Amino acid sequence: MTKTFRNPQLTKNGELKHLLSIEGLSRDMITHILDTASQFVSLSDSDREVKKVPLLRGKSVFNLFFENSTRTRTTFEIAAKRLSADVLNLNINASSTSKGESLLDTINNLSAMSADMFVVRHASSGAPYLIAEHVAPHVHVINAGDGRHAHPTQGLLDMYTIRHFKKDFTNLTVAIVGDILHSRVARSDIHALTTLGVPEVRAIGPRTLLPSGLEQMGVRVFHNMEEGLKGVDVVIMLRLQNERMTGALLPSAQEYFKAYGLTPERLALAKPDAIVMHPGPMNRGVEIDSAVADGPQSVILNQVTFGIAVRMAVMGIVAGNND
């Protein structure tokens, strides 16, 4: 008897209960999240004195960040508060996990404090899945980044940014540049881009920083920066994740910038209206030149702004779906 695989993110009716990965989400589901985010962007842009909606009033959102974060944790906190939720940011270093308590023990204790949603960042790939398997039926889990595996809300806000500036995914060439081997953002972006019908996704980087299997995902691989940037509509730059590297994968940051840094001269090889993105934090002079990061084609700060609305959309959608 064949066992039917069930996506752990979805309810029995196929609705989004947790957001653990973009992989496995349909084009319609991703589009629904982006459309919902548009409504929250309009709320932020409006003249309303109070930019809040009561969607999560009376709900408790626990931000559990086992890795450092500035943008992601802050935007999740702002998003939850704009949805009128009560927000708790757990200080991991001061918590019982630093004294040897297991991850599931921590989750069980926090669940006993009437948590309705966990936003989780963890160094171990799969940690949010483990949590989602063990929480009470009414509790929702959102992956804010797990190891090298996935960063689904970053992927979604990247898609929102691309759609905002380029409108149609089906005629774009998108280049992802840098340390793709260690990047959970790259994996989420690739799954989202291919699901949304982008005809050409390129990966640009040195052989030591590109994972195997990219071609099987429909990605064109380039080791030469100039060749890879020719005629692209979108450039997504990634930082070097030195904290995840084992061994000497690069000669030096200076040599890396010479070969793969995005300079105005290299950006000129892309289409004249190409946009430049970066999930942050940026390392100026390593993967990107300040003239590009602060230039007219950069939409990096737009990504941060849109991230609040996208995370509001995700939280609002999952909170409404239970088995």
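A Cβ is built for glycine as well, from the same backbone N, Cα and C atoms used for every other residue.
Residues Arg71, Thr72, His151, Gln154, Gly280, Pro281 are given by Swiss-Prot as carbamoyl phosphate binders; from Arg48, Arg121, Arg266, that same site also lists Arg121. Within 8 Å of the centroid of the Cβ atoms of Arg71, Thr72, Arg121, His151, Gln154, Gly280, Pro281, where the record puts carbamoyl phosphate, the same chain has further Cβ atoms from Ser69, Thr70, Ala144, Gly145, Val185, Pro279.
Compared over the binding-site residues His151, Arg239, the count of CB atoms lying within 10 A of a residue's CB peaks at His151. Around the Cβ of Arg121 (carbamoyl phosphate binding site), the same chain contributes Leu64, Phe65, Phe66, Glu67, Ser69, Thr72, Arg73, Asn143, Ala144, Gly145, Asp146, each under 8 angstroms and 6 or more positions distant in sequence. Here the binding-site residues are Gly280, Pro281, and the one whose Cβ sees the fewest other Cβ atoms within 10 Å is Pro281. Taking a C-beta cut-off of under 8 angstroms and a sequence separation of 6 or more, Arg71 (carbamoyl phosphate binding site) has the following same-chain neighbours: Gly280, Pro281, Val304, Gly307.
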